Amino acid sequence: MKSTFLWTACVTPFNCNGDSIDYSSLQRLLTMQVKAENGVVLLGSTGESLSLTDSEKRTLVEFVCKLKLNTEIIIGVPGVNLYQTLEWLDFCKGMPIHGYLMTTPIYAKPGIMGQTLWFEKLLEKAHVPVMFYNIPSRAGINLHAETVRNLSSHEKFWAIKDSSGTVDTLAQYKKVAPNIEVFCGDDNMISDMAAYGAAGLVSVASNVWPYVAHEYVKKCLNGRNPQADIWQQACEALFIASNPIPTKALLHDIGLIEHQTVRLPLSTEDLPSVEKLRQVNKMILGWKELATL
């Protein structure tokens, strides 16, 4: 896992009416990630995992594993019901995957010990390295620094994806658990978080721009910051509506997925316009410093 610094939080393409997964489009996206040498995260919030049935999630993981992709695969682990989550880990144990992304329990807002005991249960079941996911905007609470400290010596606890939106949280995690890698979870924060010791990026933008994202993150991690304003403008455009609505709209517009469909409660009608997305796509493709890609 040490060599992968960019992980793409993959969208889950659907057919036109949204009642099934479009596996042809999914395979096309995954092939691009392999060529760009990016790792893959399946069934996260960008992948609309909460909108998928258990059967759909299992079928998707089986499909991707059968492709035998030449890249590392991380599977999202929900933070809702403990027993269903443990069953999910039992299923994944039989799959040739490389890691888990475990979300801070959502809605319940557990304290330090609640989080610690929750993750202990999951770490005991995990057969591959685990990345915790700090996403307070969705979970309603931060992954506590004390929770990280409590679990930092566990052999399966490998990394944290931090989507707090501030470098202060990353600094806290690095202070209490210097052995745990911290990945930036917000595309527009990677240049700042790289300067504070981030190990890389878990990206939404790399769904659309896998090669550019790979090169940009590499430069940030090497202490360079090529025209960060261009990257930030592009990333902000991908969040003009709830993720992954804009990303799917742009992927469809440029012909990488057949349909921009999302599942309720998300709706494509909440996207103001695709024009802004077209503008930033043109800007990224004309990015002179990365034009060799």
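Each Cβ is built from the backbone N, Cα and C atoms, and glycine gets one as well.
Since the structure is predicted, the reported quantities are computational estimates derived from the model, not experimental observations.
The secondary structure of S45 (site 'Part of a proton relay during catalysis'), as reduced to three states from DSSP, is coil rather than helix or strand. Sequence-distant neighbours of S45 (site 'Part of a proton relay during catalysis') (same chain, 6+ apart, CB under 8 A from its CB) are A9, I135, R138, N243. Under the heading site 'Part of a proton relay during catalysis', Swiss-Prot lists S45 (among others).
When other Cβ atoms within 10 Å of the Cβ of V202 (pyruvate binding site) are tallied across all protein chains shown, the result is 27. The feature pyruvate binding site is assigned by Swiss-Prot to T46, V202, with sequence analysis given as support.
Within the same chain, residues at least 6 positions away in sequence whose Cβ sits under 8 Å from that of Y107 (site 'Part of a proton relay during catalysis') are V80, A139, G140. Look at Swiss-Prot and you will find Y107 (among others) tagged as site 'Part of a proton relay during catalysis'.
Y133 (active site, proton donor/acceptor) falls within a strand when secondary structure is assigned with DSSP. Sequence-distant neighbours of Y133 (active site, proton donor/acceptor) (same chain, 6+ residues apart, CB-CB distance under 8 A): G44, G79, L101, M102, T103, T104, L143, I160, K161, S163, G185. Look at Swiss-Prot and you will find Y133 tagged as active site, proton donor/acceptor.
Feature annotation from Swiss-Prot assigns active site, schiff-base intermediate with substrate to K161; the stated evidence is sequence analysis.
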